[in-house]
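Report on the following structure.
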Amino acid sequence: MDLGEFEADNSVSCRLVSEIPQICRTEDCCLGIDEAGRGPVLGPMVYGICYCPVSKKEELKDLKVADSKTLTEAERENLFQKLDEARSFVGWALQILSPNTISTSMLQRAKYNLNSLSHDAAIGLVQYALDSGVQLKEVFVDTVGPAEKYQEKLSQRFPGLEVTVRPKADSLFPIVSAASICAKVARDHAVKGWNFMEDLGDVDTDYGSGYPNDPKTKAWLLKYLDPVFGYPQFVRFSWSTAQTLLDGKAATVHWDDDEEDGEKAAARQNNKSMLSYFSRAAGGNDQSSTHQTHRFFTERRLHSLDAL
């Protein structure tokens, strides 16, 4: 599986797709949706769809696809190869959600939680298939949240499709199992070949499973926690595991908030406000002996202004 497009900039999300089999443009098709990497604190979450003609369901079943979580890495790779070789009637698409996308979405002012991210990724992939000319008739989904509500949401969004949402759908419907394998293989490749944009030297890649309760993962998080800059973008810093370590090990910073007096709030925490760096010294002279202007500003003849 070629993840070159994602690896070129793994700070943003990316969609990867297979060629669309011609038969899928002319015959009624079924489509399965599943994800890989929802729980880990490290690496991306990958949403996958797999689709084939309804008339080819038995041929897909003959490939012996199964829930990716019950398979070894080698078995998943082998089954993905079989799916790729069946490209005359099987197609797939992936939405890779980068750790950076997940974290910034969950921590923005207007909260965008993981369930909403997941639902939107799934909806986007179904819409992609429809827009690409795949003649969808049936959609099978491994649930995120309450199955009945999710099924109702998808049915309202796609009224012309027969939508089935079930817990453990990846073990019930072969087309969902196939989507699960595509997503898991993509995540495995992304994690193994992660390109660290940060200058970390020779990075220790023995970070375990990536799940918060894995001792190897916890040890890696401690090792690569920078007290000022936090974590590399490989880490989902919105996860409570990462936040707890940052609270305990990183430097304390007070961020001025528009809703309160930044200077007073900082003083209450025995800290300096970020705004104090830009404030003029007493008496209106911003070049006082107690506040030496950095050469970055003097070389460029930049001065603070209190009026325009």
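Heads up, the Cβ atoms here are built off N, Cα and C, so glycines get one too.
Here is what TrEMBL says about this protein:
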- Asp34, Glu35, Asp142: divalent metal cation binding site (BINDING)
- 28-251: domain 'RNase H type-2' (DOMAIN)
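Fewest other C-beta atoms within 10 angstroms, among the binding-site residues Asp34, Glu35, Asp142, are seen around Glu35.
When averaged over the domain 'RNase H type-2' (28-251), pLDDT in the model lands at 91. Each residue in Ile33, Ala36, Tyr47, Gly48, Val141, Val144, Ala169, Asp170, Val176, Ala179, Ser180, Ala183 lies on the same chain as Asp34, Glu35, Asp142 and has a C-beta within 8 Å of the C-beta centroid of that divalent metal cation site, without being one of the site residues.
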